[in-house]
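Asker: Just lifted these from TrEMBL, have a look:
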| type | residues | note |
| --- | --- | --- |
| BINDING | 89-94, 141-144, 176-185, D211 | FMN binding site |
| BINDING | R301, T538, S599, R600, K605, K606, Y607, V608, T609, D642 | NADP(+) binding site |
| BINDING | R457, Y458, Y459, S460, T475, A476, V477, Y481, G491, V492, A493, T494, W680 | FAD binding site |
| DOMAIN | 83-227 | domain 'Flavodoxin-like' |
| DOMAIN | 282-524 | domain 'FAD-binding FR-type' |
| TRANSMEM | 20-39 | transmembrane segment |
Amino acid sequence: MENSEGVKIESTVVTEEPLISALDIALFVVIITVAYFWYFKRDKQSSSSEKKPYTIQPSSLSSIEQTSNSSFIKKLKSTGRSLVVFYGSQTGTAEEFAGRIAKEGARYKMKGMVADPEECDMADLVEMKEIQKSLAIFCIATYGEGDPTDNAMDFYEWLQNGDADLEGLNYAVFGLGNKTYEHYNEIAIYIDQRLEELGATRVHEIGLGDDDANIEDDFVSWKEKLWESVCSHYGIEETGEESNIRQYKLVDCSEVLPERIFSGEISRLKSYENQRFPFDVKNPYLSKIAVNRELHKSGDRSCMHIEFDINGSKMRYDTGDHVAVYPKNSSELVDKIGELLNADLDAVFSLLNTDEESSKKHPFPCPCTYRTALTYYLDITSNPRTHIMKELIEYASDPKDQEKLKLMASSTPEGKKEFHEWILRDNRNIVHILEDLPSVKPDLDHLCELLPRLQCRYYSISSSPKVYPKSIHITAVLVNYTTPTNRVNKGVATNLLAQLIPTNDELPQPTIPIYIRRSQFRLPPKSQTPIIMIGPGTGLAPFRGFIQERDYARKEGREIGEMVLYFGCRKKDEDFIYENELQEYVANGTLTKLHLAFSRDQPEKKYVTHLLEQNADELWNIIGEKSGHLYVCGDARSMAKDVHSIIVKVVMEKGQMTNSQALNYVKKMEQQKRYSADVWS
């Protein structure tokens, strides 16, 4: 462009026109202005990145407020604290554990605070050495295929890419994972090792919590030994003072105007009345239920096909993504708590953090009614953890109830056994505990402080945006089961969804808050790449989207690779979901092969794993000879593990490899995203 303009200028000289015209001057000013703006903007960005290698995700705060609020070091120094507990939490458990550690710090003369790494400038870790007897503890969860939680992602990347000198930083790490997954506690292990590489001092060995067994027991055992190490490292002693101190204080909000009271919104007041894009975990989209139909043909179980309307929301999803659904507790359970505690559920209240320096002012959106808190914000159906047993002791008027709670709150072998049998094995929730220990009458505001947050539920999306750009489909089994105490426990989300049946167009359609969570469970970039899909039961869900997408490509005239599906259920005439769709895809050539296993249609049970073993040649042809992709979706505890073992065996036999070579081959497939799993336990 510049050379071309120069030629034109030279031409005007030859024709004896003025050397510089008004147009030339105008162009020159524009060029100088653009160059000036570009140079100084780039310089400013470069300078900013050099000064601050760790970035914070955008928020509603101004940059000045972000800088001020993100400095956890300043808060520690200004409030005389020496303990900070960071959490990487996807479901709230790690955050809860972090709070318990920070609270117990007072027993060891270490005033603590809980911090979200997403809201902190983690580069300030280098300044921890300036605080006498300081300690940083990390409660870090791993989810997905060895992924950090959303709020710990930036910190994880900062550790990977940075080379900060952390000498003088004292730390300890507790990981939250699940042994049924291959990448068990991978993020916590990495953080523990990386901090040491950067010069930090490990005060206590890493703790690895297993959610497939008893993560509460793992945490309590680790925590007890942690404090022993802390006392030894710093030369301090336990004060013996109990830490049953309220973190939040009750505020009467009966005079608050109705329009200032939360009624179930996740973050922003009236967000469901005034929806604003973009939609995410803190700002879900209130979606209409467009379709809700039963997929099972008979039997006493139920599987629902549900379609969420996202037309006009600007929400986009990719095949293989997850949709998060925000549930609410049943009014029956909520009313039962009010009845057991003789409480006015419609009273308006707020819980205000007694720590004025904490960035978390309330445990959930406040002010609201107790009914709203118990319905939308608090988990009243899961098994309470031992610290709740401890807090309930003071509210028991019957000595027998007191002793039972004390035993379950203790870390003795007898206490752990009692907690495991009475709470976990018998599957008691807080409602059941209050029913079975009638003298326990906690203040409702204290109970609201103790109970964990009600979490959204994630479902694999069972549709393709190429075919359904304005809706999201899920496939969900209705969860109902009888406990050893003959109570019927109901899945919070699926039982709510079962009630949301669309009506005729003249009436308002039922709605539910949702948002999209990105996944790494993806089709190959090239439509010609052959794939094998293994998904018994509702594990079929994401593969329905995969097949739709390949079918769309075929109809556009593009070449598509082989698609082989392994599907299993109990009985063909009972729970063969999407049967007609799948048979149609076989007929039109989109689905190359459909291998079916109906476990209870013959005397001996038959599963997809049996079919895989029978089809070793086909498996090796696709994943070995044709470098195809293999996908597994469903139960992580047994099915996914069995599939992995079979694949390794096939690679050994058909690829003529040793066991070690086969394991490395499969590992390489996983690293190349040629072997992907979307599983749950």
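Using N, Cα and C of the backbone, Cβ positions are placed for all residues, glycine too.
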Asker: Rounded to a whole angstrom, what is the C-alpha distance between S599 (NADP(+) binding site) and V477 (FAD binding site)?
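Answerer: One finds 18 Å between the Cα atoms of these residues.
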Asker: DSSP helix, strand and coil counts for the domain 'Flavodoxin-like' (83-227)?
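Answerer: DSSP composition of the domain 'Flavodoxin-like' (83-227): 65 helix, 35 strand, 45 coil.
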Asker: Just jot down the residues in the same chain as T475 (FAD binding site), at least 6 apart in sequence, with C-beta under 8 A of its C-beta; none if empty.
Answerer: L295, C303, M304, H305, I306, Y459, S460, S462, T538, L540, A541, R544, I577
Asker: Could you list the residues of the same chain, at least six apart in sequence, whose Cβ is under 8 A from the Cβ of T609 (NADP(+) binding site)?
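Answerer: Set apart from T609 (NADP(+) binding site) by at least 6 residues yet with Cβ under 8 Å, we have M639, D642, V643, I646.
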Asker: In Å, rounded, how far does the Cα of Y184 (FMN binding site) sit from the Cα of W680 (FAD binding site)?
Answerer: 13
Asker: What's the CA to CA span in angstrom from G92 (FMN binding site) over to R457 (FAD binding site)?
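Answerer: With distance taken Cα to Cα, R457 (FAD binding site) is 13 Å from G92 (FMN binding site).
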Asker: Of the binding-site residues A141, G144, Y181, R301, K605, which sits closest to V477 (FAD binding site) by Cα distance?
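Answerer: Its closest listed neighbour, by Cα, is R301.
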Asker: Taking only the Cα atoms, work out how far G491 (FAD binding site) lies from R301 (NADP(+) binding site), in Å, as a whole number.
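Answerer: Spelling it out, the Cα of G491 (FAD binding site) and the Cα of R301 (NADP(+) binding site) are 13 Å apart.
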Asker: Let's check the environment of N178 (FMN binding site): how many other CB atoms sit within 10 Å of its CB?
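Answerer: Result for N178 (FMN binding site): 22 other Cβ atoms within 10 Å.
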Asker: Using Cα coordinates, what distance in whole Å links R457 (FAD binding site) and N178 (FMN binding site)?
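Answerer: Given the Cα positions, R457 (FAD binding site) is 18 Å from N178 (FMN binding site).
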Asker: Around the C-beta of G491 (FAD binding site), how many further C-beta atoms are within 10 angstroms, looking at every protein chain?
Answerer: 18
Asker: Among R457, K605, all listed as binding-site residues, which has the most CB atoms within 10 Å of its CB?
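Answerer: Counting every other Cβ within 10 Å of each candidate, the maximum falls on R457.
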Asker: Select the closest residue to N178 (FMN binding site) from the following binding-site residues, measuring between CA atoms: R301, A493, K605, Y607, W680.
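Answerer: Going through R301, A493, K605, Y607, W680 one by one, the Cα closest to that of N178 (FMN binding site) is W680.
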Asker: Specify the nearest of the binding-site residues S89, G144, Y181, A493, W680 to R301 (NADP(+) binding site), where nearness means the distance between Cα atoms.
Answerer: A493
Asker: Looking only at C-alpha atoms, tell me how far A141 (FMN binding site) is from Y607 (NADP(+) binding site), rounded to the nearest Å.
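Answerer: Just about 32 Å between their Cα atoms.
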Asker: Looking only at A141, V477, A493, which of these binding-site residues has the biggest number of Cβ atoms within 10 Å around its Cβ?
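Answerer: Top count of Cβ atoms within 10 Å goes to A141.
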Asker: From the Cα of A493 (FAD binding site) across to the Cα of K605 (NADP(+) binding site), what is the distance in angstrom?
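Answerer: On Cα coordinates alone, these residues lie 31 Å apart.
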